[in-house]
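**Student:** Questions regarding the structure given below will be posed in turn.
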Amino acid sequence: MKTLILLIQFFTRIPLPIQINMDEINLKKGSALLPFVGVIIGAWNWLIFTLVALVMPLPVAIIAGLFAEVIITGGFHVDALADTADGLFSSRKRERMLEIMKDSRVGANGVIAICFYFLFYGALFLSVTDTQQICWLFFVLPIVAKGVTMLLFAKMTYAGSKEGLGSIFLGVPWWPIVIAQVIVLAVLGLFFSYVGVIAYVGVILFTIIYRAFVYKRIGGMNGDTLGAGGQMGQLICLFCLVLLWGLV
């Protein structure tokens, strides 16, 4: 329970008035619980979307659901997406890319990445005609994001500073990663049947390509690229689901 509370405090802005000594918790092994943080985020997104959809048109409810995740996470991973875009697409050397990612200011690449991310995300949601499916998507996609983050932990080389937040998860063993993937696949299968499982195969392929690209550019992962990977992973999952629903 302490591990889950610490993960919630780490990945969300939920005000839990509980002090936990990190030295007492093995976050590497406890990271298997990370998908349950996605469950909490997803439940919040689902609640906000459902409530707004009762009184407002569907596009407004979708925007509210997307904004709900920004609220509960503090825009933590959206900021990581912007920093990653600024750094990786700066056409600079590795050291300079890492410096750019640390910069609190958002550059042109970051703004473009965020704009296209939410435009594409919103368009995909609007292409889903079943409102109940949209409800489930708001719940499930944050769980997928945490599954992608767990995949990126596998044999991770850390490119950031030793004080970086992502360094906490350096050396995560295989078994928490496998458990997290089983949880994600079970959730996708439960809500979206075999289509959900196939969609996650697409997510895994994306994760492999994304990981290879990041390693080629900066030699490993850091907190920003980990967070960005999760955000893009849930976008890719939604894309694959919409594509498969159009084919079957």
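Positions of Cβ are set from backbone N, Cα and C atoms, glycine also.
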**Student:** If I go by Swiss-Prot, the feature transmembrane segment sits on one of 24-44, 45-65. Which?
**Tutor:** 24-44
**Student:** Pairs 6 or more apart in sequence, C-beta under 8 angstroms, 3 or more of them: is that satisfied by the transmembrane segment (24-44) and the transmembrane segment (134-154)?
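**Tutor:** Taking Cβ pairs at least 6 residues apart, the transmembrane segment (134-154) and the transmembrane segment (24-44) are in contact, with 3 or more under 8 Å.
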**Student:** Quick one: do the transmembrane segment (70-90) and the transmembrane segment (168-188) reach 3+ CB pairs under 8 Å, ignoring pairs fewer than 6 apart in sequence?
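**Tutor:** No, the transmembrane segment (70-90) and the transmembrane segment (168-188) are not in contact.
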**Student:** Using a Cβ-Cβ cut-off of under 8 Å, list the residues of the same chain that are 6+ residues beyond the ends of the transmembrane segment (168-188) and lie near it.
**Tutor:** 27-32, 34-36, 140, 143-144, 146-147, 150-151, 153-154, 156, 158, 196-197, 199-200, 226
